Amino acid sequence: MTTPPRGPDGRPLKVRVKKSRGRTTSSQKWLQRQLNDPYVARAKREGWRSRAAFKLIEMDEKARLLKRGMRIVDLGAAPGGWSQVAAKKIGLEEGLGKIVAIDLLEIEPIPGVAFAQMDFLAPDAPERLIAMLGGQADLVMSDMAANATGHKKTDHLRIVGLVELAVEFARQVLAPGGTFLAKVIQGGMEATLLADLKRDFTQVRHVKPAASRADSAELYVLATGFRGEADRAETDDAGTDGTGTAEAQAPRDQ
C-alpha cells in the first residue's frame, strides 16, 4: 500500500505551491496534487516512468492479466510506464514474449520493447503490428486519453470514441482468447461500449484500481476471452451473448 510521507506527529505532510503570476489556478492545483501524490513519489523512487504504472500493477494483481511469454500491444504508450511493467511481468529480459509500444510521440527506449511511432488508425497499422509481434496479440492495452477540454460530457464522449477506435483495432490484431484493457471516463455512454464489447468477448467488466484517484471519474474496461471473427459470427446468428458469461460490473470506490 502506498502512503504519503508523514511528520513527527504522524500526520501526512503536504507541500503547498505558492501562487505565481504566470501560473493558472488549474495548473497550480495540478502541481500541488502531483507534489502531494504518494504514487508520484513512489514512481520516481522505484524507477517507473509514470504513476500509471501502479494502475496496471494493481489490475494485474487482481485479474492476472500479464503472463510470461505474452505478445502485447501498448496503445498510446508514452511515456512508457505500462510497457515497463509488462516487460517485467512477461519475462522480456529472459527472451520471453514480445511488446510493441505505439504512440504518435517518441518515447525513450525501454529495453526489449519494440516501439512504433505511428498512428494506430493507419490502414496498415494492424498488419505492421502483427508482423512486429511475430503473430497475433494476446493483450491490447490502452491508457490513452483524449486531450481534456474541461467539459465533462465532451471529455467523456471523446474518450469513449477513442476506446471504440481501439476496440476496432484490437479486433484486427487479437488472437482468439485474447484480452482488451482500456481507460474510460464515466458519463453515460459506458453501456453502449460494454454492449459492443460483449459481442466479441466472453466477459466484460469495469475495474478501478486504487492508484486511480478517488475523486476521478476514470475507470478501466476489461474484456477477456476474445471470440475471433468466426465465433462472433456464430454469436450474432444465434442472437445471444454466446456461451460464455458477459457482465458489466459496477465500479467501486467512487
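Even glycines carry a Cβ here, placed using N, Cα and C.
Model, not experiment: these values are computed from the prediction.
What Swiss-Prot says about this protein:
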- 1-28: region 'Disordered' (REGION)
- 13-22: compositional bias 'Basic residues' (COMPBIAS)
- Gly80, Trp82, Asp103, Asp119, Asp143: S-adenosyl-L-methionine binding site (BINDING)
- Lys183: active site, proton acceptor (ACT_SITE)
- 231-254: region 'Disordered' (REGION)
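Projection of Swiss-Prot feature records onto the structure.
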residue: Gly80; record: S-adenosyl-L-methionine binding site; DSSP (3 states): coil
residue: Asp103; record: S-adenosyl-L-methionine binding site; DSSP (3 states): strand
residue: Asp119; record: S-adenosyl-L-methionine binding site; DSSP (3 states): coil
residue: Asp143; record: S-adenosyl-L-methionine binding site; DSSP (3 states): coil
residue: Lys183; record: active site, proton acceptor; DSSP (3 states): strand
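Counting Cβ atoms from all protein chains shown, Trp82 (S-adenosyl-L-methionine binding site) has 27 others lying within 10 Å of its own Cβ. Inclusion criterion for the binding-site residues Gly80, Asp103, Asp143: a C-alpha placed within 10 angstroms of the C-alpha of Lys183 (active site, proton acceptor); this criterion is met by Asp143.
Take the CB of Asp119 (S-adenosyl-L-methionine binding site) and look out to 10 A: across all protein chains shown you find 11 other CB atoms. Across Gly80, Trp82, Asp103, Asp119, Asp143, which the record gives as binding S-adenosyl-L-methionine, the greatest C-alpha separation is 18 Å. Cβ contacts within 10 Å of Gly80 (S-adenosyl-L-methionine binding site), excluding its own Cβ and spanning all protein chains shown: 23.
Take the CB of Asp143 (S-adenosyl-L-methionine binding site) and look out to 10 A: across all protein chains shown you find 21 other CB atoms.
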